Amino acid sequence: MKKKLKINNLLMNLYLVLLLLTSISSSLTLKVQQRCIVDGVQYNHPLMQVVIMFIGEALNYFNFLFYKWRHRGAYEAQKKYEIEKMGKIEKMGKIENVNKLIFAIPAFIDFFGTFLTLVAMSMLPFSFYYMIRGGNIIITAIFSVLFLKKILYKHNFVGLLLNFLGFLTVGISAILTSDTDQDSTYLIVGVVLIIVTFFTTTCQLVFEELLFKKYYLHPLEVVGWEGFWGIIISLLGLALFSNIPCISNVQQCPSGKMEDVPQFFESVFNLNGTDQPKLIIMIILSMIFMMMLNGFSLTVTKYSGCLTRAVVTAVAPFIVWMFTISIGWDDFNYGQFAGYTILTVGAMIYCEVLVIPFCGLDSFKNIPSAKILMKIPDQKQSSQQSPLPSTARKCLFVTACSENLNTETEKMAY
């Protein structure tokens, strides 16, 4: 006799919460670093922060090796399931072996997008940063429909619209209340660069999801290889940027160059500085949070999609903003608060945390694994038919949490 079990969203919701928490934590550690002063010099080394980010990503590969060693049976069973079972559902097989050089593509896109963001932020009021992820969400939605053939339902469109309107409200409010005497040319170029980052970030997210569709890949493996290639690319970039003069309107530019590596090490390891050892502790914490953040990000991308990842991480600036107000780093602004409230409601509607029971907004729920039914043989049959250990069969539940599965499909777990 076969038993039917419904897989709930507990595990996926846990990943989403952890993604949000690590996104908040990484943002706060970076903010604290930027406020540190060592020997009268403000810490301002964004390109070295990119290197640290990639080091954190690369550490995930060791986590992947440990997981593969510790849960060998479960790993092999999950791989077999995705290659064979999910390949049939998606009407295409998954390739097991992948050229590791391919991970250099999203790593380069990540580095290039981060660099453009840094240049744009030097030309614009900092408040413009809050509009970046709002644009990313819309572009990611368009690309997901065009290239990933995603289906968006009414509540998804409502959530995305509120998300965009929320960020637009935040950005306009911040612009109206900020003081800037910058040249209009810098502002225009900065806005253009920000628009370009919409597409670079979206290309990275969509490319990563395409990798998961074509190949069997563990999220930690992907993050680890991206970090490895990112370190190489960013080190080559440092050699270039260390010889490029700073843009004239950038304040606190390290030694007049885009980056000053010797000054970075001097600031970090000068333990007698004004904000030491706080600075070095924040750098270590940011590396750890970046490791966790990117691991959870790729996990969400694989099992729920890049658009869900973009929507969830977009909520993080709201919580960071409220925290900075509570400790006196920022001033409360009613316009920004209204915008962030709209943003949060939009994200909750999109992720179906908040369900609107009218106008058809409560139908076609799109959260993965909500209605997936698994047929599990009873213990007697399992011992006779299933060649997989119990730990291996359990891991199939995790694999089943995929947006690519039809929510009405029933599959055999053995």
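Positions of Cβ are set from backbone N, Cα and C atoms, glycine also.
Copied from TrEMBL, the annotated features are:
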type	residues	note
SIGNAL	1-29	signal peptide
TRANSMEM	47-67	transmembrane segment
TRANSMEM	101-124	transmembrane segment
TRANSMEM	130-148	transmembrane segment
TRANSMEM	160-178	transmembrane segment
TRANSMEM	184-207	transmembrane segment
TRANSMEM	228-250	transmembrane segment
TRANSMEM	279-298	transmembrane segment
TRANSMEM	310-329	transmembrane segment
TRANSMEM	341-361	transmembrane segment
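When each of the listed stretches 47-67, 228-250, 279-298, 310-329, 341-361 is scored by C-beta pairs under 8 angstroms to the transmembrane segment (160-178), 341-361 comes out highest. Each of 184-207, 228-250, 279-298, 310-329 was scored by its Cβ pairs under 8 Å to the transmembrane segment (47-67), and the highest score goes to 279-298. Among residues of the same chain six or more beyond the transmembrane segment (310-329), those with a C-beta under 8 A of the stretch's C-beta atoms are 16, 19-20, 23-24, 27-28, 31, 35, 129-130, 133-134, 136-137, 140, 159-160, 163, 167, 205, 297, 300, 336, 340, 343-344, 346-347, 350-351.
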